[in-house]
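Enquirer: Sharing a structure here in structure tokens format.
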Ligand code: ATR
């Protein structure tokens, strides 16, 4: 029941109407006896600062930040943890007695999702498709957690090369390299393939970022950050070749679990978060 002690957790983005986070969080809060509500707010880019000032004034416990505000929110915070600074994007903010600290739980959530499925990338080669915001969070996580070689392949190759340089500079070393997406056939078979492009996302479900002749045999894990549809064309092809398929619901779930851990210091079970996303209320 909502009462005078109920704590508000917010999401800001633009747009936010299709976000799955409110229902996932609210189901989790109910089942974990957290006296909180999670509300989504569509905030225009020019109002991000005002929104954060308002959250300070209201002394809310925390908020999530989604596209397109993950960079823009940073100047309004008091502190940023190291991973979020390296990535240059924040998706979770906690308010500790008026001090707002930003985190990137997309990145930590991605690593938790691998751990949960027993996928160990240490020393192993990864082929990452895409060079946008999602790719940056994933590539940073992989480089910081000891992946062998991370090849970032993008339709616009300059962006892949720039992202690889950025991450190499931050983490020290040369674990990342950039490549044109059209050239990935010549890259030796990776342990894990990650799709961080939007190719294949609803409604473009017939689209696949892989060249038609790309050989998936030998790839152990295919991770598509897309969750709508749950099985992209890329994941269907990967499954046919015996790869372990992982879809974007995992990253969505684990970034939320990580955020709830930061705000409320509790550990949520994966299954509960999944049921929240699927809007399943009646379970024990
Ligand atoms: P996000 O924040 O989700 O990462 P983004 O920053 O807009 O979104 O990045 C989208 C990524 O998907 C980019 O790497 C983009 O490639 P370009 O840099 O060449 O634009 C990639 N992308 C989008 N549509 C694609 C398609 N049809 N085929 C291949 N890559 C595509």
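We number each residue from 1, going along the chain as drawn.
In case you wondered, yes, glycine gets a Cβ from its N, Cα and C as well.
As listed in TrEMBL for this protein:
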- 70: active site, proton acceptor (ACT_SITE)
- 19, 20, 21, 66, 91, 106, 227, 255: shikimate binding site (BINDING)
- 130, 131, 132, 133, 134, 154, 155, 156, 157, 158, 159, 225, 248: NADP(+) binding site (BINDING)
- 11-93: domain 'Shikimate dehydrogenase substrate binding N-terminal' (DOMAIN)
- 121-169: domain 'Quinate/shikimate 5-dehydrogenase/glutamyl-tRNA reductase' (DOMAIN)
Enquirer: To the nearest whole angstrom, state the Cα distance for the pair residue 91 (shikimate binding site) and residue 159 (NADP(+) binding site).
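Expert: Per the Cα atoms, residue 91 (shikimate binding site) and residue 159 (NADP(+) binding site) stand 22 Å apart.
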Enquirer: Using DSSP, would you call residue 132 (NADP(+) binding site) helix, strand or coil?
Expert: coil
Enquirer: Taking only the Cα atoms, work out how far residue 130 (NADP(+) binding site) lies from residue 106 (shikimate binding site), in Å, as a whole number.
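Expert: Each residue's Cα considered, residue 130 (NADP(+) binding site) and residue 106 (shikimate binding site) end up 16 Å apart.
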Enquirer: So how far apart do the NADP(+) binders 130, 131, 132, 133, 134, 154, 155, 156, 157, 158, 159, 225, 248 get, largest Cα to Cα in Å?
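Expert: Looking at 130, 131, 132, 133, 134, 154, 155, 156, 157, 158, 159, 225, 248 as a set, their Cα atoms extend up to 26 Å apart.
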Enquirer: Could you tell me which of these binding-site residues, 130, 132, has the greatest number of Cβ atoms within 10 Å of its own Cβ?
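Expert: Result of the Cβ crowding comparison: 130.
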Enquirer: Filtering 19, 21, 155, 157, 255 (binding-site residues) by proximity to ligand 1: which pass a Cβ cutoff of under 6 Å to any of its atoms?
Expert: 155
Enquirer: Just to verify: the residue among 70, 159 with the fewest other Cβ atoms within 10 Å, which of the recorded positions is it?
Expert: 159
Enquirer: Which whole number of Å gives the largest C-alpha distance between any two of 19, 20, 21, 66, 91, 106, 227, 255, the residues noted as binding shikimate?
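Expert: Result: 18 Å between the two most distant Cα atoms.
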Enquirer: Can you tell me how many other Cβ atoms are located within 10 Å of the Cβ belonging to residue 106 (shikimate binding site)?
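Expert: Looking across every protein chain shown, the total is 30.
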Enquirer: So what's the mean pLDDT when you look at the domain 'Quinate/shikimate 5-dehydrogenase/glutamyl-tRNA reductase' (121-169)?
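Expert: A mean pLDDT of 97 is what the predicted model shows over the domain 'Quinate/shikimate 5-dehydrogenase/glutamyl-tRNA reductase' (121-169).
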Enquirer: What is the separation, in Å, between the Cα atoms of residue 155 (NADP(+) binding site) and residue 66 (shikimate binding site)?
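Expert: Cα-Cα, rounded: 24 Å.
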Enquirer: Measure from the CA atom of residue 106 (shikimate binding site) to the CA atom of the residue listed as 'active site, proton acceptor' and give the result in Å, rounded to a whole number.
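Expert: Between the alpha carbons of the residue listed as 'active site, proton acceptor' and residue 106 (shikimate binding site) there are 11 Å.
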